[in-house]
Amino acid sequence: MDVLLDIFASANFWAAAIRIATPLIFGVLGALICERAGVLNLGIEGIFVAGAMAGWLAVYLGAGLWGGVLIAALAGALFGLLHAFLTVILGLSQHVSGIGITLLATSASYFTYRTTLPDVSSPPRIAPFQPIAVPGLSDLPFIGPALFQQTLLTWLALVLVAIVAFVLYRTPLGLAIRAVGDNPASVEAQGLSVRGLRIGAVVIGSALMALGGAFLTMSAFDAFFFGMVNGRGWICIALVVFASWQPGKALLGALLFGAFDAFQIRLQAEIGQVVPGQVFLMMPYLLSILALVLVARKADYPRALLQPWTKGQRH
Amino acid sequence: MTDPAILLSLDNITKRFGALVANDAISLDLRESEILALLGENGAGKTTLMNILFGHYVQDEGLVRVRSNGGDMNSLPPGSPGAALAAGVGMVHQHFTLAENLSGLDNIRLGTEPLLSLGRRAMARTRIKSIIAESGLEVDLDRRVADLTVGEKQRIEILKALYRDARVLILDEPTAVLTPQEAEGLFVVLRRLAANGLGVIFISHKLGEVLAVSHRIMVLRGGKKAGELTAAQADRRAIADLMVGKAVAEVTRTPGSIGKALLEFDDVCLGKPSTRTALSHVSFKLRAGEIVALAGISGNGQTTIAALLSGLAVPDSGTLRLDGQPMTRTSPRRLVEAGFARMPEDRQHDGVVGTMSVAENIAIEDVRSPELSRFGFLNRNAMQTRAQSAIAAYDVRCPGPDAEARLLSGGNVQKLILARVLEREPRIILANQPTRGLDIGAQAEVHRRILAARDRGAAVLVISEDLDELFALADRFLVIHAGEVVEAGPADALDRATIGLLMAGQSHTTEPLAQ
Amino acid sequence: MSLRLDPREHAPLFLRLLVSLVAGLAALLLVAIPVMAAGANPFEAYLLMAQGAFGSMFALSETLNRATPLILTGLAAAVAFRARLWNIGAEGQLYMGALAAVMVGSGFLQLPAPLAIPAIMLAGFLAGGLMMVIPAMLKQRFGADEVVITLLLNFVVILFIQMLIEGPLKDPLAMGWPQSVPLVAEARFDKLIPRLRMHWGLIVGLVAALILWLMVKRTVLGFEIKAVGENKAAARFAGIPVDATMLKVALISGGLAGLAGVSEVAGVKGYLSADLSPGFGYSGIVVAMLAGLSPIGSVLAAIFIAAVFVGADSMSRATGISNYLADLVVALSLLCVLVGGFFLRFRLRWQSRQEA
């Protein structure tokens with residue numbers, strides 16, 4: 001019991017939880033925007049890889065950290081545009097297109113990395129984002145170290161939660177996005193473009209997903225590894241359902257997840273000799289499955305999710 | 001006195017879908033303050049015409065012109081709902097175009113404010129409130145649309161158009177989903193709006209309400225304009241002839257010989273009380289050789305009765321009895337094996353698998369029978385043979401047994417379903433909206449088949465929103481309201497007014513209220 | 001003149017074949033861009049790939065060897081997708097099949113060869129099938145999306161396998177390598193031709209394709225799967241047991257992926273390790289889509305994808321271009337065949353339009 005208390009009372013634990021949650025916040029927000037508009041984007045896993053690789057490579061080649069963030073977002077937007085073309089314009093299966101985008105973005109990233117850096121034996125490093133200390137606040141007990149060990153990208157993620165929530169619930173654009181994911185006919189009958197809204201949402205959402213990947217190589221670590229995304233994208237898809245497509249709950253879900261993950265890492269240090277390490281590593285995936293199973297029945301799915309739309313269509 | 005100004009004019013609109021001419025050179029004018037009824041059978045081309053006017057379809061020929069604020073008649077670019085909206089044309093579709101996850105207020109605002117702005121929610125609310133006060137379209141603006149009644153949703157739809165300063169309002173079959181009271185309320189609103197200068201086009205296939213509300217009537221038949229007359233000149237007989245064209249051979253109904261009760265509902269309850277699908281303490285009997293009508297306004301529990309008779313639902317309490325024996329653990333397959341024939345309400349969605357062939361769709365209910373399969377292997381020859389005889393016997397127009405069912409017209413899909421369920425000489429038949437959306441020829445054919453099955457000794461339950469259809473078929477009436485079924489008695493002793501009152505929830509014994 | 005789209009009533013067989021063929025070729029053509037970006041001559045690269053995949057008896061054997069698990073995972077995806085059951089978990093099912101094969105066939109049961117091979121195949125089929133039946137049941141019982149669950153299970157399974165081969169199943173004679181105890185000789189698939197790696201797993205794959213083809217065309221189950229996949233509501237209304245049919249599909253689909261794992265263990269490696277499959281499960285999705293979900297087509301598509309992998313490996317060794325090029329071709333094939341599906345549903349028509 002004391003072990004557990006020690007873990008939860010440690011500011012470092014909470015700092016780690018927030019760090020682990022950050023890429024998920026980006027990813028869940030991105031997936032949420034796409035799905036609110038009625039498009040499932042299973043390209044997320046590959047877009048994470050593309051964001052991680054493109055952002056890192058841009059910095060490695062001298063673009064500067066924020067230049068890297070921008071490049072990562074552009075890479076994500078590009079794959080989002082492809083997904084939108086296939087699913088929104090051509091009306092093809094969102095499932096299959098998303099898997100295709102993941103395969104393409106992953107292989108394109110790996111290929112680019114290998115082609116650009118053919119002769120490296122160990123992954124080269126960049127100087128990543130550094131934690132920003134706010135004088136005064138950082139010295140607060142507990143909260144200070146937990147919150148102010150974070151980099152600007154984490155703050156960006158938190159600000160984005162507020163922005164996405166505001167746009168979704170407080171502006172005409174958000175109104176239109178929520179409407180197009182529920183009943184595209186309502187949007188068309190009011191003279192708005194179903195396709196325009198959906199394409200926009202998928203592109204923006206995909207750019208956010210890519211930022212989740214960029215966080216991995218530019219803040220959490222300082223290099224790009226094969227397999228480093230490791231299912232984080234899929235976890236985001238499960239978290240969106242868990243969050244009922246609401247930005248606030250998405251933040252909460254990502255933080256809970258981060259806390260759990262940080263917890264299992266520390267638990268592993270404590271009882272790792274008795275229980276094989278893989279048991280701990282399995283936990284995030286099993287937790288996501290459990291979350292999905294528990295909320296699925298009650299989930300308020302956007303009604304038009306997965307449904308292609310052709311102009312003037314009746315139902 | 002000069003005529004009011006023309007608001008809208010359609011000039012020689014023609015629209016073809018493949019070989020079908022849905023609209024053939026149709027012209028019409030609509031004036032200020034006028035309610036114009038567009039009357040016609042299903043498939044006469046009314047909805048197509050309005051979808052062209054509103055920009056959902058692009059016409060092959062012809063022009064749509066709308067009067068601008070300055071008084072010029074400007075032609076509308078085809079295929080642009082946005083342009084129609086901007087020109088002041090508002091449309092209320094048969095299937096509402098509302099986002100159910102938003103409030104009524106947000107649905108009305110949708111698309112009226114710049115997307116990249118903070119919006120003008122408070123201003124919008126003030127203006128909508130004043131429109132509500134002016135028009136009498138009372139509705140709670142802050143509730144999620146999903147939680148509104150059908151009538152309230154329709155009011156939101158009309159408010160959407162008025163909020164955009166519509167000068168022309170098109171309503172597609174607006175009363176199909178309303179109670180008579182709600183419909184009367186709608187007519188009051190429409191008259192008031194027209195008095196304020198709005199032009200209204202009212203699409204319907206119901207004669208009575210058209211005569212009640214409109215100033216002028218235009219009749220469409222087979223995609224062509226069949227006639228046009230003022231409401232004052234019109235009489236029922238003349239309009240009916242215009243709608244139908246040459247007299248269709250009446251289906252004659254001879255009195256049947258009624259036998260013993262085959263199926264019995266005994267105090268059946270299902271679902272959460274006071275929801276649109278709940279049933280409360282329903283008891284009735286279906287007897288051999290008898291057609292029983294289940295009349296009622298849609299959404300009063302008919303779908304649940306149909307689900308029970310299809311095997312898709314089981315009662316929460318109470319019993320279904322077949323030949324006096326309680327039926328437990330019903331399922332679609334068990335009912336089929338017990339001699340039930342089931343015609344689904346939504347025949348395209350529940351009745352056929354569009355990408356499977358006609359032969360496969362005819363075989364689908366008993367593909368595991370020894371006739372059609374052995375040891376898990378299909379007997380394709382038997383399927384083919386059965387399909388060929390069914391196609392011939394039921395006059396299913398299709399390229400052949402191997403054609404995919406999605407290529408069939410609505411009428412032919414229904415004939416396919418009839419062939420599937422009636423060939424096995426069922427004892428109990430559920431005919432749920434058996435002729436909805438069918439042309440008159442196909443309707444008569446379906447009615448003939450149902451009557452023939454009754455004469456053979458089957459017990460039939462017909463569920464329909466069309467009272468004329470029920471009177472044409474039924475020996476006896478049941479009426480459903482708010483999940484309760486009342487016995488209305490033999491068809492010969494009933495008239496439409498009595499049924500109408502029961503449909504509105506007034507019991508037999510109470511004195512009919514005035515109006 | 002303007003371009004317009006008309007829905008197609010039928011997509012004839014030749015058109016469907018053409019779409020798959022064009023999609024594969026288009027994917028190959030598109031990778032000319034990255035090849036050139038990598039500073040190589042694309043024609044040379046294609047030639048090297050073709051030689052690497054088909055240029056000798058050895059190359060052909062390698063290609064067919066690589067195609068063997070892809071046939072099975074392709075069939076797994078095809079049968080599931082036909083029923084609109086989105087099984088993206090073939091990778092995990094493959095490993096579970098392989099695990100079951102090792103547990104049954106590594107000497108724990110003393111069986112003669114004629115029984116040992118059927119025993120490991122049955123065990124692998126059931127283990128893989130179970131791995132798909134679980135998500136299918138979660139979907140029916142809780143409404144949980146099978147796509148995400150099967151995807152996440154892939155990660156769980158691979159960790160589970162790592163745990164076992166570093167623990168209870170670890171081969172003490174493997175000099176510390178994380179790999180399982182080997183299969184006994186009786187439980188191993190024979191080579192088809194001496195000194196070439198092709199093995200009896202290929203025959204298993206071909207027979208599975210034939211059985212599946214027969215099932216689709218001739219059996220009540222195939223009929224019911226089609227009805228459930230194309231229109232669940234109508235199938236249910238007509239009395240087809242939708243849930244039970246879906247579970248059968250899940251068992252068959254997962255089982256086929258499990259057989260792929262058995263085949264890799266019994267035919268190639270002889271033991272289980274965490275690098276048994278370089279993504280055969282995911283490539284199976286591409287195989288199935290390229291095949292238009294046809295069982296026979298899956299065999300051809302699997303050979304194509306296998307040739308791309310084998311050819312790219314060989315080309316990579318000669319030119320230094322990264323062999324991730326093969327993964328690029330595979331991903332592009334999937335997207336191209338998806339776009340091709342659009343042309344199966346619509347036909348493009350030029351029409352002249354008189355301005356009214």
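The backbone N, Cα and C atoms fix where each Cβ goes, and this holds for glycine too.
No curator has checked TrEMBL annotations; they are predicted automatically.
Remember, predicted model here, so these are calculated numbers, not experimental data.
Long-range contacts of the transmembrane segment (C:13-33) within the same chain: residues 42, 46, 290-292, 297, 301, 304, 308, 325, 328-330, 332-333, 335-337, 339-341, 343-344, each at least 6 residues beyond the stretch ends and with a Cβ under 8 Å from a Cβ of the stretch. Taken from TrEMBL, the feature transmembrane segment applies to C:13-33 (among others).
Here TrEMBL flags C:45-61 (among others) as transmembrane segment.
Remote same-chain residues near the transmembrane segment (C:92-109) are listed as 69, 73, 76, 116, 119-121, 123-132, 150, 153-158, 161, 164, 169, 180-184, 186-187, 254-255, 257-262, 264-266, 271-272, 276-277, 280-281 (criterion: CB distance under 8 Å, separation of at least six residues from the stretch ends). According to TrEMBL, the transmembrane segment annotation covers C:92-109 (among others).
Look at TrEMBL and you will find C:115-135 (among others) tagged as transmembrane segment. Away from its own ends, the transmembrane segment (C:115-135) comes close to residues 76, 80, 87, 89, 92-94, 96-101, 103-105, 109, 144, 146, 149-150, 153, 157, 183-184, 186-187, 189, 204, 247, 250-262, 266 of its chain (Cβ-Cβ under 8 Å, at least six residues beyond either end).
What TrEMBL records for C:147-165 (among others) is transmembrane segment.
The transmembrane segment feature in TrEMBL is assigned to C:198-216 (among others). Residues of the same chain lying 6 or more positions beyond the ends of the transmembrane segment (C:198-216) and with a Cβ under 8 Å from any Cβ of it are 61, 64-65, 67-69, 71-72, 75, 78-79, 82, 121, 189-192, 222, 225-226, 256, 259, 262-264, 266-268, 294-296, 298-299, 302.
Counting only same-chain residues 6+ beyond the ends of the transmembrane segment (C:280-312), those with a CB under 8 A from a CB of the stretch are 16, 19-20, 23-24, 28, 48-54, 59, 62-67, 69-79, 81-82, 88-94, 154, 205-206, 209-210, 212-213, 216, 257, 260, 264, 323, 325-326, 329-331, 333-334, 337-338. Annotated transmembrane segment per TrEMBL: C:280-312 (among others), in sequence order.
The transmembrane segment annotation in TrEMBL covers C:324-344 (among others).
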